[in-house]
Ligand SMILES: Nc1ncnc2c1ncn2[C@@H]1O[C@H](COP(=O)(O)OP(=O)(O)OP(=O)(O)O)[C@@H](O)[C@H]1O
Ligand SMILES: CC(=O)N[C@H]1[C@@H]2OC[C@@H](O2)[C@@H](O)[C@@H]1O[C@H](C)C(=O)O
């Protein structure tokens, strides 16, 4: 395995997240350690039919019904989006998580990197999570080593945290004074709990809308404490990190708000996502000097307001430091691809609970 920094290369990363809304792709110039430059980015939305196919395959494992159809959607969408870019030497392809059960059947990201390598004529790094799970890790979250690089890029000097509010929430506490992210004192990371996914499901069920845009519905509702308390009794919050979740692990949340009117249900679910983060912050080894928020939830003023009210550090979108909260995860997989190519680890005991730092990811090169 080749270790070391080498010269920075342009990598193209792609992520299709748990919200099932589309694929993000972004270019990053990196040597696998530092960030040299951010490049172009683009997004391709899933059509209603594509989203239906993906949704139908959630919870399914290789070979099961609906998986081949989901794979075709993922590969076509990625090929269409990634072929718009020029100048990449390597691609980091996350694929779409259909199921995630690290202590059970494993983790399943659909999308064949070898086929994508052929289609794009570029080396593709993919299947980032399986090796970590095989070595006893959670296989998620994987963005933390990139969050560490972002902290170096913004020249942070004291412990701080990144929060991703996607379908699921994940938190990275990090100490930028450490030399490398695999240093056991550098990062602590885990999934905080459900973020937007159950709220989106509620919006679809009650209003036929994909999400609560700008927190409009929640802002007119009241948080029902009883439901919030029942939610916080869930055993997941007592578990020590690292720990991770599948998109629908908290689907019972919908039952907790079943009797509430639409606005109260939305407000209470928004509060649940924020409360899960607040619980998670208790696990940080020291109080972070700031919390930088990425992912779609940073655009929800009600969720952000609840976080600001409940936490004693500044809570800002990552744009406050010049990062792009719509593309951070795509950039993360560009970064991780270069790390894999260079034999550098992509996760460690304090980010996924894996036994030792591991470089997860398979490399496929075009044969033609
Ligand atoms: N203006 C907005 N107001 C409220 N919520 C928003 C807004 N914009 C986006 N969101 C929420 O953010 C979600 C998308 O977030 P994001 O793209 O970070 O998710 P993802 O990458 O699919 O998820 P994950 O990180 O869990 O894989 C939307 O489904 C919606 O719930
Ligand atoms: C198994 C899986 O795909 N997990 C996702 C999901 O979406 C958010 C959260 O749960 C995080 O653990 C992870 O994604 C990000 C990109 C990560 O690995 O850091």
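Glycine too: its Cβ is placed from the backbone N, Cα and C atoms.
As given in TrEMBL:
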- 17, 18, 19, 20, 21, 22, 23, 24: ATP binding site (BINDING)
- 348-368: region 'Disordered' (REGION)
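The most crowded of the binding-site residues listed here (20, 23) is 23, judged by how many other CB atoms sit within 10 Å of its own CB. Of the chain residues outside the ATP site list 17, 18, 19, 20, 21, 22, 23, 24, 15, 16, 46, 166, 167 have their Cβ within 8 Å of the site's Cβ mean position. Taking each of the binding-site residues 17, 22 in turn and counting other Cβ atoms within 10 Å of its Cβ gives the largest count for 17. With DSSP classes pooled into helix, strand and coil, the tally for the region 'Disordered' (348-368) is 0 helix, 4 strand, 17 coil.
Within 10 Å of its Cβ, the residue among the binding-site residues 21, 24 with the fewest other Cβ atoms is 21. Checking the binding-site residues 18, 19, 23 for a CB within less than 6 Å of any atom of ligand 2 leaves 18, listed in sequence order. Taking 22, 23, 24 as the candidate binding-site residues, the subset whose CB lies under 6 angstroms from any atom of ligand 1 is empty.
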